[in-house]
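Okay, so here's the structure we're looking at.
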Amino acid sequence: MSKIISKNINRLNAPQIPVVLAILDGWGYREDVSDNAIKSASTPVMDSLWHAYPHTLISASGSDVGLPDGQMGNSEVGHLTIGSGRIIQQELVRISNVVKNNQLGMVGELKEMADSLKKNNSTLHITGLCSDGGVHSHIDHLLGLIKWASDNGLKKVAIHIITDGRDTPAKSASKYINQIESCIKKFNTGEIASICGRYWIMDRNLLWDRTEKAYANLTDPEIKLTNISPQDYIKKSYKKNITDEFIEPIRISENYLKDGDSLICFNFRPDRARQIIKSLAKKEFLDFERKFFPKLDLVTFTQYDPNLSVKVAFPPESLNNFIGQIVSENGLKQYRTAETEKYPHVTYFFNGGVEIPLPGEERHLIPSPRVATYDMEPEMSAEELTISCSEAIKSGNYAFVVINFANPDMVGHTGNMNATIKAIETVDKCIGQIVNATGEMGGSILITADHGNAEVMKGPAGEPWTAHTTNKVPLIFIEGEKRKIPNMGNEIYLRDNAGLADIAPTLLQLLNLPTPKEMTGKSLIKEIELKGYNKVVQHV
């Protein structure tokens, strides 16, 4: 594997003039002010930057990030696309193609599992997020698994539903339960064994009390059965003002996980599936006390954690020459920082699925506040994150800095308009400090987002909108006095009709590093002769 090396860069023996990438997670663009937390907020910093500096709108959804047309983007896909500088066929598309072509039976791990289930007459358990949100999973994959089980003559099939209400409308679970029940009836295979809201079973912030509650519902034989239909349980929850995301775990059949059973988790996004799978798979486990630990044959759709001994149906495809790798191979130091909610995105996902830091890559995690939902603390940890990142920028140690502000996305997901406005105003203030720190060093900064969210707070029927959007996202470029674009003598504008894949080539141009052939994105920067345009950097 050849390395992409530049001979004309300032390496570690001198203070680094930084190139900064600031990702405002969930900060989409929509002109209409109605139900728009971003337009409704006071954002003097972002407003002034937008008017004073080169800017454009870029696509962050659908085929421009390797998803189906019309599919909203998400943080994992967004950071992967930004960091790799190319459009990658995402797991949603990859797996959907296998399901549509009725090829699940050709997947080696599933074929082995089917053979074992038939030989041992044991139970197949299937779990995952049951919706068409397409962020963590897709219900079509579950329906495909039910058909696959039927095709293989498997009758002992238990489905453990995880309700969404975050990437889908808050009260949409009945729609998906109907689809599951119809599929069970059509193929005469399986039953719904339990229901649990994603709040409990899909935590990613080490709030193990939530995971423990979901784990017990799956494994504890002493859990009391509830004589209620899935649909009636959902209706009963709504009457208590409990929406899909927060549905309390309930068991409605005797089919809990037992020794010798098999389990498939069909979530394709790893981050919110790791904790529950770790608790089910890892023999040495200290995060909570497990009363029961069944020995399972466990298959996950994608690789959640390389350190877990589980089979993977769709192994990761390796990426080469992503931006972090190019920076590292050229002897430059880089700094990645975010709070807990988005830390994997600026590290693991940004590096194309590489967990271990690259040579010269330093990472700094700021803990997210431990609250039930982030509308309770919309500022999150943005201030602490800003202070630490500003210090890193001004240290002169790093040529490349990546920071993610989680607030617009995480508070936007609550559907709370007032809290999301507060989140936006917090980030606006913080980004001003990051711009100032970059300017003090003479560095350049790109400000953008990975997908939309906070610009739409209500759905078509006036219901709270907690999901992402397909709107474009803003991108602002501020050229530093000491980090000017190499060989660019005229005035600078940014291209239209661009996407997230174009960000890495732009950053490499700013760093005076070559763009590898694997990056299919193109630099956003274009040169235009225009007298009288003011290029002087003015800090906010």
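Just so it is clear, glycine is given a Cβ too, placed from its N, Cα and C backbone atoms.
Mn(2+) 2 binds Asp25, Asp450, His451 as TrEMBL records it, and from the list Ser59, Ser63, Ser75, Ser395 the residue named for this site is Ser75.
When the candidates Arg198, Arg251, Arg290 are compared with the substrate site entry in TrEMBL, which names His136, Arg166, Asp167, Arg204, Arg269, Pro270, Asp271, Arg272, Lys342, the shared residue is Arg198. Of the residues His364, His468, TrEMBL puts just one in the Mn(2+) 1 site with Asp409, His413: His468. For His136 (substrate binding site), applying a Cβ distance below 8 Å and a minimum sequence separation of six or more within one chain yields Gly128, Leu129, Asp167, Met202, Asn267, Phe268, Arg269, Arg272, Ala273. Cβ neighbour count for Asp167 (substrate binding site) (all protein chains, 10 Å cutoff from its Cβ): 21.
One way to see the shell of the Mn(2+) 2 site is to take the Cβ centroid of Asp25, Ser75, Asp450, His451; the remaining same-chain residues with a Cβ within 8 Å of it are Ile23, Gly26, Ala60, Gly73, Asn74, Gly78, His79, Lys342, His345, Asn404, Asp409, Ala449, Asn453, His468. Counting other Cβ atoms within 10 Å of each Cβ, the binding-site residues Asp25, Asp450 show the lowest value at Asp25. Most buried of the binding-site residues Arg204, Pro270, Arg272, His451, judged by other Cβ atoms within 10 Å, is His451.
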